[in-house]
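Visitor: Please find one structure pasted underneath; my questions will follow.
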Amino acid sequence: MRDTYVLSGARLATMEAEGSYGLVEDGAIAIQGDEILWCGARGALPDTYAACPSTDLNGRLVTPAFIDCHTHIVFGGDRAGEFEMRLEGATYEEVAKAGGGIVSTVTATRAASLDALVTGALPRLDALIAEGVSTVEVKSGYGLDRETELNMLRAARRLAEHRDVTVKTTFLGAHAVPAEYAGRADAYLDEVCLPTLRAAHAEGLVDAVDGFCEGIAFSAAQIAKVFDVAAELGLPVKLHAEQLSHQGGTKLAAERGALSVDHVEYATEADARAMAASGSVAVLLPGAFYTIRETQVPPVAEFRMHGVPMALATDCNPGSSPLTSLLLTLNMGCTLFRLTPEEALAGVTRNAARALGMQDRGRIAPGLRADLAVWDVSRPAELAYRIGFNPLYARVMGGKMEVRT
């Protein structure tokens with residue numbers, strides 16, 4: 001068969017079945033172009049593929065390629081200085097008065113050119129790709145003015161031109177109220193955020209719409225206005241909600257059929273029931289939990305009880321989660337949030353794809369995209385168990401296999 005090859009002699013974690021990794025021992029995968037044609041036990045490989053080129057993976061583990069479904073990797077500047085200040089005892093208010101906090105990132109991002117935003121994001125993207133990532137979600141939200149928000153989304157789109165990766169863009173104009181609109185959140189939404197969303201959509205820059213529903217950001221009623229425009233434009237929504245307190249954002253997101261509700265440390269059982277009914281994914285972000293030394297753990301037991309899918313992501317951002325490792329995120333999800341290793345792996349594959357509304361990836365099955373990761377480990381749990389070690393042997397992106405050097 002033309003342009004078809006076979007990966008064989010692998011232990012496959014197909015992620016097709018919950019609770020067992022969907023394991024296939026001594027497995028094989030037939031790939032044509034960017035599509036998986038067949039997968040299963042090597043002994044059952046159809047004769048159709050007998051003459052195709054084959055690569056023996058010698059017992060290595062193959063999983064779906066990783067998906068980072070919540071990042072802020074496009075931004076200007078850094079916040080290492082305020083990290084030191086916080087460790088020396090400075091309060092949030094003191095950091096802000098010294099020019100730190102999100103204001104410093106907004107200032108640096110507004111000052112950066114489009115090329116500079118792309119150049120700054122590439123090393124962060126490269127770190128993710130080096131750990132088997134094939135798909136990355138990238139948010140705006142550090143411009144908070146029309147041109148910078150648009151430039152952030154343009155930069156995100158350009159990343160896929162520089163690297164072999166799929167990028168999904170999210171408009172996050174309702175991330176914070178900029179200094180020039182202090183105390184006038186509604187005016188900011190009406191005069192800047194919503195017109196910018198319309199402009200970004202008209203330019204083809206937006207795959208989804210997000211917001212930050214929190215006491216320090218926007219109320220549920222204000223986020224509802226953003227979601228109204230998203231619905232008018234035919235865009236799916238997601239929401240940062242219940243991270244620092246309970247504000248009712250999860251209920252709103254579920255009512256609007258959100259793809260995901262993210263952070264959710266303060267979500268309740270009622271929220272879990274609402275998410276289960278709407279099919280929304282709970283995106284857990286242990287990097288931010290760790291960095292800001294949070295103590296309120298997401299209600300994982302309630303999510304399990306009600307069948308809410310759970311994803312994991314880096315939440316890579318300069319302030320609360322300067323994290324560019326999904327492997328470390330797996331470990332954090334298990335040690336901090338008590339996910340099982342299987343739940344963690346599902347969280348960066350099957351459920352991460354669901355959180356982005358992508359049905360063509362995140363599992364190993366015929367008809368799906370051939371985005372795979374090949375690991376020098378024998379047990380899937382090792383991916384979450386080991387710390388500071390990258391066992392990636394090769395990444396298969398759209399059917400093209402690149403062995404890590």
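Each Cβ is built from the backbone N, Cα and C atoms, and glycine gets one as well.
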Visitor: Given that Swiss-Prot annotates His70, His72, His240 as binding Fe(3+), state which candidate in Asp145, Asp164, Asp315 belongs to that site as well.
Guide: Asp315
Visitor: For the 4-imidazolone-5-propanoate site that Swiss-Prot assigns to Arg79, Tyr142, His175, Ser320, which of the candidates Gln243, Gln247 is also assigned?
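Guide: For the 4-imidazolone-5-propanoate site that includes Arg79, Tyr142, His175, Ser320, Swiss-Prot also lists Gln243.
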Visitor: Nearest to Gly319 (N-formimidoyl-L-glutamate binding site) by Cα distance: which of the binding-site residues His70, His72, Arg79, Tyr142, His175 is it?
Guide: Arg79
Visitor: Work out the three-state DSSP category of Asn317 (N-formimidoyl-L-glutamate binding site).
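Guide: The three-state answer is strand.
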Visitor: Within 10 Å of Tyr142 (4-imidazolone-5-propanoate binding site) (Cα-Cα), which of the binding-site residues His70, His240, Asp315?
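Guide: Within 10 Å Cα-Cα: none.
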Visitor: Of His70, His72, His240, Asp315, Asn317, which binding-site residues come within 10 Å of His175 (4-imidazolone-5-propanoate binding site), going by C-alpha to C-alpha distance?
Guide: His240
Visitor: What residue among the binding-site residues His72, His240 has the most other CB atoms lying within 10 A of its CB?
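Guide: Ranked by Cβ atoms within 10 Å, first place goes to His240.
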Visitor: What Cα-Cα separation, expressed in whole Å, is found between Arg79 (4-imidazolone-5-propanoate binding site) and His70 (Zn(2+) binding site)?
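Guide: That comes out at 19 Å between the alpha carbons.
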